[in-house]
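Dropping a structure here in structure tokens format, bear with me for questions.
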Ligand SMILES: [Zn+2]
Ligand SMILES: [Zn+2]
Ligand SMILES: [Zn+2]
Ligand SMILES: [Zn+2]
């Protein structure tokens, strides 16, 4: 028996919205989906007319849908934004090759300028080369740290005012849960923010227009719009906490579909006691990027790679920062500790 | 997308069972019988000392229970609350100055009617508990869940307590107490008499409840579609019964036996249920949401493992009574799912519970504006926490309202591809459109039209999370009368406030 669309009450429904449970026809779903992103952009005042906005494009579903929707909304509502795609080439054979091809196709389809920044050009190291030195166990640390800066540096080259990323509601809810499991109160408080203001010189404001969009609806949207995306998770597994949080969130969603938004609501409304210490943000004395230490994470990692001491960036070796900055040699004992790495 | 955007590289602490050392780490003499934390092997005596000390230390540190104060112990029969009961007894039987100096009573809420227990099973459980309570010599109150159908509306009125200044007033109370006890020999004695007269009163009380209330409870539970909402509602009703019992008998504190393992689960399930704003109230040591009666959680430093060890070693009796989610599958409810998630994670990573628990200590309860004490409409009708739906425009709460509105017929204000600018701002605090149908409050005049209905719309009177619970109900009117009466009262007040809103000077800000 065909179900009628609950919105237009005329056409046949083709899907049941994971977020609200309503049955909608294709057009009404597209409209609701886009309108919701528009509402988010307007109510959170994410952009100002005339701004250049870099869309962090990985070729995956989230950023592909984000690029598409932003392009549509920019025209429909005349935001007056200059949109461009920003991609990072980590230098992972077989992973990025295909996804970058997708981004390049998106560039043509959406007629948006594209800038690809590679780890190799920024840091002198590809992820493949890093994996050779640090092994598979710790490479996510490198990848994550480098990627964050790579987007910023790419954005700076292109004189971008804001970066937006494809983080969706599931990602945000998952992060809330993960920070509770880790007891990371500072991140717990920050992680539901829809945008980060510019903190220091090295960082460009970032925002998440898909913050309230369910991952499942992103897939539905891409499916019905026949959007071309590259569906591969990073070949390196996410960290343990995130893995647990993700599984838990999926289970919560299956018990009560609103749980994703409910967790975000919790994150947005919880309040942290005054007097709980929050790390102070400063800048890296080598590259100027935001950092709570004398050296930013990526400079430490790079130093470790370049000196053949990969452990330098993995453990907590803050007291060595002074030595590194002053380009002093490390003691033999220090070297021994930093060299050993388990694969 | 790749989720390694953060620099999380702290490795999870893997379980590592230390080899059992032969000697107690504390007295270095006794034979170790158990290991509390990694490396802490205790002998029997030292464990007892440690356990007892922890209880006193928790009360001593927080200093909220005054000497001579009447304290109601909420005992469910489970290990944690039974252990709490034994700790109170222990503390009262000690010699001064280590003696606890409050006046205890016990409340047990019989929820058998909600959990599918037969009359005989319920009576058996109550009889078992009564024999434990009698042995303690404290007055006790057995309350049946069915009694929610005879609660007065006043339960939901938060009574403002005298302004508390922990340091000074506590000290004054102690001084007062010491003076009093010098005169009359041992102020504790009357409590024993109290206990006896209490028995007399209570044992003659008819233990049954009218059939109509039993049926009303059945109807209520049948109208709740999900176990998640059932558990939530049961928790709310239980709290109301305990609160009422405390008020009627003059108790000003209620002790709940939540262990740190329990609180970790509660914290995570509260987050999952959208109760972020009330986390500190739900899981902190003291919970002041009711105003005149303060809930305290003195067992919050104990893990369920420690409690189980103690109870077994020192023969603390507990009574197993099946609950709503006993023997339900893992994904039966959010609460149940969270419990099994935390338990499993704890088995692999022993720091899980303590990490989550520590999070709870860093949280703060959303501050209730000054006016909230007199203006009940700013507190949730059900859980009595501050209403958390007055969010910013860009918020999860508004996002879901937008989604619901956009997915429904007739509520679509603009056709696709038209130049609609920012949609009208939601004013969630005043939203009172029909509750059952889950309609958003899009048009500004909905509030005036939906008023005459027999069933008051509860949504506008509830916090985010209690809205979810009510949303899972098919017949809101099956809720006990005291809730419906109070809802109508608050709605009238809200409407009044709206009519005169333009003449009211906003005092919320100046109040802080
Ligand atoms: Zn339709
Ligand atoms: Zn740096
Ligand atoms: Zn010992
Ligand atoms: Zn509530």
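These residue numbers are counts, starting from 1, taken along the chain as shown.
The backbone N, Cα and C atoms fix where each Cβ goes, glycine too.
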Looking at TrEMBL, which one out of A:88, A:131, A:134 binds ATP in the same site as A:56, A:57, A:58, A:62, A:166, A:171?
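The candidate from A:88, A:131, A:134 that TrEMBL ties to ATP along with A:56, A:57, A:58, A:62, A:166, A:171 is A:88.
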Against chain B, with Cβ pairs under 8 Å, which of the binding-site residues A:58, A:88, A:166 show up? Give them in sequence order, please.
A:58, A:166
By Cβ count within 10 Å, point out the most packed of the binding-site residues listed: A:57, A:88.
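Top count of Cβ atoms within 10 Å goes to A:57.
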Hey, what's the Cβ neighbour count for residue A:58 (ATP binding site) at 10 Å?
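That number is 26.
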Would you count the other CB atoms within 10 A of the CB of residue A:56 (ATP binding site), including those on all shown protein chains?
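Other Cβ atoms within 10 Å of residue A:56 (ATP binding site): 24.
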Could you list the residues of the same chain, at least six apart in sequence, whose Cβ is under 8 A from the Cβ of residue A:62 (ATP binding site)?
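Once residues fewer than 6 apart are set aside, residue A:62 (ATP binding site) is near A:166, A:167, A:168, A:171, A:210, A:215, A:218.
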